Amino acid sequence: MTGTKRNGEEVVNENNNNNVAEETNKKAKVDESSTETTESTSCSLLSRCEKLDIVRKELDVKPWDQGKVTIQELITSLLDKTDRDAFFVADVGVIIKQWQKWVKNLPNVKPYYAVKCNPTVGVLRVLDALGTNYDCASRTEIESVLNLGVDPSRIIYANPCKQISALKFARAHNVKLMTFDNLSELEKIEKFFPEAELVLRIAPDDSKSVMRFGSKFGVHIDDCNDLLEMAKEMNLKVVGVSFHVGSGCQSGDSYADALIMVKSVFDMAKKLNMELTLVDVGGGFTGSDDEKFNAFTKVIREKTAELFSPNVKIIAEPGRYFAAQSHTLAVTVISKRSIKQEDNRQHPRRTSNNMRQYNYYLADGVYGSFNNTKFDYAKVEPLLLKPSTKQPTPCTLFGPTCDSIDVVLKDTQIPELKIGDWLYFQDMGAYTIASSSSFNGFCPPPVYYYNSIPEEELKNL
């Protein structure tokens, strides 16, 4: 099975249908993006189902009947078709279902997908077909979205501290909506992009989140009025307020409290005769806990309706919500070492029954897809591709590189493995591929696309 490179990503299952690709992508190159094409105009008139059908053909998305084929069977069927020692199975059906749930729970909140979470071509194209907008944090992310044929009005440049070169690029391609949180940024924008539409990012209480951003981004509520006054003096257009409660948010109160802060900024702006029309509630949405998601979205629905008039546009920046559950990583054991109790070195473990311990070396590690264990607080669980009747034994899972910190999981227990056995890890779609490197020459795994939603259901989107 062969793969091709697109935006730096290896996409497998390519059917190499150039006509379909041209129709779907609506690709004028970025430096030609000011020219409207017949293809992009006609494509915009297609239904969601028709757009998804084009995307599925381009990515060669295979149907997956989960009632008949388990994830283990699906992975096993791919082993004879690839020579790679690690690969992803991506279910676009998960992304579609997450979008349906979003529309049901937050019908008045427009999602701007956080590209940094998973910038792969499959995820971006499926979300584009569904009508999702994009949160970009860099020139490269903006380029990747514009290359889909996305109108620049569907992008928010949500990085409060931007490079001058990136500001110039955004201006050249009419990406106007962007965040700021300090005077220096206002001065840059005044000089290099004075027509920009600005969103003031405030610092909410993010103490109830796993990953907090308040120490780096967001202006304190007491300093908001001064920044608004400065923007007005510079004749810059401030259109709204944003916040981010942090990744892995644990309480809906964080959104409620932040929205109350946003309302106070709206009141400040009103006294300065500045009309704000946009609220960006940021990210922090879970992709796997429906109960928590339902609770958070209820708070957002009720609080935005209570605090803001209907003409105020509400947007959000979900990332892991769409991507996390969509990807499963399959990885093989490339080496194995038996460890004596007295020779367990950096990863000591003592067992009461002198059970043998093992070091297993996997084809992917923390410099690759498992970087989420270091930077995203992910808890990964190794699952056996083939069932085993053996008793679990103590072990440590290492990645393939020559660095000793390349430890995927230490002091765990799984049945004894042999070289060539396969493990798989679920919920690996968020902050894995995006942050992986080619350290030691180990390239990121390819992605195989499938769809678990029946055709009849897709027709009703």
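Glycine too: its Cβ is placed from the backbone N, Cα and C atoms.
Keep in mind that this is a model prediction, so the values were computed, not measured.
Here Swiss-Prot flags CYS402 as active site, proton donor, drawing on similarity to another entry. If you look up Swiss-Prot, you'll see SER247, GLY284, GLU317, PRO318, GLY319, ARG320, TYR431 marked as pyridoxal 5'-phosphate binding site, on the strength of similarity to another entry. According to Swiss-Prot, the feature substrate binding site maps to PHE375, ASP376, ASP403. Residues annotated as compositional bias 'Low complexity' in Swiss-Prot: 13-22. Look at Swiss-Prot and you will find 23-32 tagged as compositional bias 'Basic and acidic residues'. Positions annotated as N6-(pyridoxal phosphate)lysine by Swiss-Prot: LYS116. Annotation source Swiss-Prot lists region 'Disordered' at 1-35.
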Where TYR431 (pyridoxal 5'-phosphate binding site) falls in three-state DSSP terms: coil
C-alpha spacing of GLY284 (pyridoxal 5'-phosphate binding site) relative to ASP376 (substrate binding site), in angstrom: 12
From GLY284, CYS402, TYR431, the recorded positions whose CA lies within 10 Å of that of PHE375 (substrate binding site): TYR431
Inter-residue C-alpha distance, the residue listed as 'N6-(pyridoxal phosphate)lysine' and CYS402 (active site, proton donor) (nearest angstrom): 28
Number of other Cβ atoms within 10 Å of the Cβ of TYR431 (pyridoxal 5'-phosphate binding site) across all protein chains: 25
Candidates GLY284, GLU317, PRO318, GLY319, TYR431 (binding-site residues) - the one closest to ASP403 (substrate binding site) by CA: TYR431
DSSP three-state assignment (helix, strand or coil) for ARG320 (pyridoxal 5'-phosphate binding site): helix
Integer Å distance between the CA atoms belonging to CYS402 (active site, proton donor) and PRO318 (pyridoxal 5'-phosphate binding site): 35
Nearest-integer angstrom distance between the alpha carbons (Cα) of the residue listed as 'active site, proton donor' and GLY319 (pyridoxal 5'-phosphate binding site): 32
Surrounding CB atoms that lie within 10 Å of the CB of PRO318 (pyridoxal 5'-phosphate binding site), all protein chains: 27
Packing count at PHE375 (substrate binding site) (other Cβ atoms within 10 Å of its Cβ): 11
Position of peak Cβ density within 10 Å, selected from the binding-site residues ASP376, ASP403: ASP376
